[in-house]
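Report on the following structure.
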Amino acid sequence: MEYFQLKNIPNMKYMRKYSDNIQYGTAGFRTKANALEHVLYRMGLLAVLRSKVKNAAIGLMITASHNIESDNGVKLIDPAGEMLEAAWERIATNLVNVEDRNLVSTIKHIIEEENINMSVDAIVITGRDTRESSPTLLNAAVMGIKALYGIVQDFGIVTTPQLHYLVVCTNTKSNYGDPTLHGYYIKISEAFKYVRQKQINNGQYVAELLLDAANGVGAIAAKEFQKYLGTTLAINIYNDGYGKLNFMCGADFVKVEQVPPVNFHAKRNFRSVSIDGDADRIVYFYVDEYEKFHILDGDKIATLIAEYLKELLKESHLSFQLGLVQTAYANGSSTDYILNVLQIPAVCVPTGIKHLHNKALEFDIGIYFEANGHGTVLFKETVIKTIKEAVTNPERSTNEKEAASKLLNIINMINQTVGDALSDMLLVETILHAKGWDIMEWEKMYDDLPNKQIKMKVYDKSIITTTNVGTQCITPEGLQDAIDEIVSQYKRGRCFVRPSGTEDIVRIYAECENLCDLDKLIKDVASVVYDCAGGIGPKPQVF
Ligand code: G16
């Protein structure tokens with residue numbers, strides 16, 4: 001290897017300022033923005049190495065998604081749009097935490113261990129969300145990329161799913177779509193308009209919705225989509241950037257708190273949508289005539305999609321293996337519905353899109369959704385080929401060909417590279433339109449078990465370790481036994497605790513059959529977590 005290429009790496013501006021170690025978490029490195037400059041510099045270096053190993057373009061997205069404005073983060077996107085491979089997460093964590101004096105030797109070590117051919121050109125495609133700290137962090141990443149002679153293709157302010165799309169299109173030489181933002185909007189919106197045709201409303205379905213954009217980049221993308229969609233769908237945007245990012249608004253807030261966002265004029269029984277700070281998650285909700293709040297989360301979206309795809313496959317007389325991937329946060333009722341009513345296999349994996357995406361790839365058509373609204377559908381290449389053939393096959397009936405053609409457009413409407421709030425929204429709108437449903441009708445598919453999630457601050461979240469897809473605590477000793485004892489007292493009770501991989505908190509999730517028991521269940525579990533794991537602040541009493 002020619003080590004002269006490493007001579008630019010030492011950089012006084014991006015020295016490690018903090019002694020605390022930082023981990024590659026559920027979705028990359030995420031912490032206070034002011035602790036991240038050296039992390040971004042080093043991730044720029046790593047992105048170049050990854051690009052050389054893969055001989056393909058790599059994505060680098062600067063965002064902390066649903067986190068508060070003062071946080072920020074970075075994630076690397078592998079060539080096919082998937083999250084960075086697990087083995088490289090470990091390499092990334094090590095690289096980010098080594099002492100400055102060991103930085104060059106660590107890079108040398110990675111090059112040797114991974115057998116990296118340094119003469120291969122490296123391309124890193126960068127993007128960032130709307131956070132104030134993002135431009136500075138982008139500069140740090142760009143300096144890292146350039147220190148190793150990588151080529152930067154910067155797309156500026158984009159949603160996370162847009163960056164995934166751009167990476168895949170670049171690497172597939174336009175097979176998936178045109179590698180531009182225009183290409184992204186046109187691909188998805190044309191498919192949407194094609195399926196909708198001229199009849200904009202249908203039955204109970206009205207082509208208008210209210211969108212809470214979390215004061216993030218999703219507002220920009222939604223406005224852009226509106227231009228491409230014309231009159232086929234009216235999107236009324238709230239929290240479009242003038243307020244604080246993710247503050248009492250956005251998909252995470254709405255899902256966890258189970259209330260409408262602030263600065264939002266909820267019309268009674270009207271379809272409303274909330275997305276998060278980088279537009280990769282979506283939940284639907286409405287407020288009824290009695291002011292009661294109703295949420296239709298990722299589980300409800302997944303089941304709606306699964307049912308519709310099943311119907312289209314039946315109409316087109318095509319048979320593929322469908323599967324649905326969830327996490328432990330999925331409502332028990334949704335899993336029952338998938339298994340017993342839809343009769344589709346449902347698989348549970350640990351939290352984190354990387355786990356869901358990989359599992360979904362095992363099915364011909366893999367639908368994956370986290371209850372928090374992060375998800376998409378993956379179609380195998382062979383499936384797409386068969387559907388294409390069915391559309392033009394003269395031996396097939398007109399009905400079959402029409403259903404196959406709808407399927408093909410549905411595939412184009414879906415951002416298969418990662419969960420995409422706005423593409424998911426257009427898919428849901430398409431299905432509701434096809435069924436002639438309003439949001440209340442959709443909600444009737446099944447009744448959620450009453451459920452609640454809380455976030456708790458503890459001195460050190462790492463003392464909680466888990467197994468069994470994050471549902472069983474291994475440490476601290478005794479905690480799981482105490483939780484099991486409490487949960488056993490509730491009909492259809494389920495409760496688990498795990499440290500967040502994106503925030504400095506632990507998450508506690510509970511569900512049970514009776515709403516009146518739910519508060520006591522989660523309060524009692526929170527109390528033992530507080531005692532065993534070192535809770536901070538007042539002990540949880542009421543919620
Ligand atoms: C990220 C991940 C999701 C995960 C969420 C919360 O979402 O992409 O898969 O569910 O974090 O993770 P945790 O419970 O570990 O904090 P986002 O939208 O913040 O990028």
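Positions of Cβ are set from backbone N, Cα and C atoms, glycine also.
The annotation active site, phosphoserine intermediate is assigned in TrEMBL to Ser65. In three-state terms derived from DSSP, Ser65 (active site, phosphoserine intermediate) belongs to neither a helical nor a strand segment and is classed as coil. Residue density at Ser65 (active site, phosphoserine intermediate): 29 other Cβ atoms are found within 10 A of its Cβ, drawing on all protein chains shown.
Positions annotated as Mg(2+) binding site by TrEMBL: Ser65, Asp276, Asp278, Asp280. On its own chain, Asp280 (Mg(2+) binding site) has Ser65, Thr159, Thr160, Pro161, His374, Val418, Gly419, Asp420, Ala421 as residues at least 6 apart in sequence with a Cβ closer than 8 Å to its own Cβ.
In sequence order, Gln23, Gly25, Thr26, Ala27, Thr351, Gly352 are the residues of the chain that are 6 or more apart from Gly501 (substrate binding site) and have a CB within less than 8 Å of its CB. Positions annotated as substrate binding site by TrEMBL: Glu370, Ala371, Asn372, Arg498, Pro499, Ser500, Gly501, Thr502, Arg507.
Residues or ranges marked as domain 'Alpha-D-phosphohexomutase alpha/beta/alpha' in TrEMBL: 54-92. Under DSSP, residues within the domain 'Alpha-D-phosphohexomutase alpha/beta/alpha' (54-92) fall into helix, strand and coil as 8 helix, 13 strand, 18 coil.
Per TrEMBL, domain 'Phosphoacetylglucosamine mutase AMG1' is recorded for 297-437.
According to TrEMBL, the domain 'Alpha-D-phosphohexomutase C-terminal' annotation covers 489-525. Residue counts for the domain 'Alpha-D-phosphohexomutase C-terminal' (489-525) under DSSP (helix as H, G, I; strand as E, B; rest coil) come to 11 helix, 12 strand, 14 coil.
For ligand 1, the nearby binding-site residues are Asp276, Glu370; that is, of Asp276, Glu370, Pro499, these have a C-beta under 6 Å from one of its atoms. Of all the binding-site residues listed here (Glu370, Asn372, Pro499, Arg507), Asn372 has the Cα closest to the Cα of Asp276 (Mg(2+) binding site). Residue pair Arg507 (substrate binding site) / Asp278 (Mg(2+) binding site) shows a Cα separation of 21 Å. Listed in sequence order, the residues of the same chain lying 6 or more apart from Glu370 (substrate binding site) and placing their CB within less than 8 Å of its CB are Arg281, Gly298, Gln326, Thr327, Tyr329, Ala330, Thr351, Ile353, Leu356, Gly419. Highlighted in sequence order, Thr63, His66, Asp129, Thr159, Thr160, Gly216, Gly218, Ala251, Ile275, Gly277, Ala279, Arg281, His374, Ala421 have their Cβ within 8 Å of the centre of the Cβ atoms of Ser65, Asp276, Asp278, Asp280, the residues recorded for Mg(2+), and are not part of that set. Spacing of Asn372 (substrate binding site) relative to Asp278 (Mg(2+) binding site) is 14 Å (Cα to Cα, whole number).
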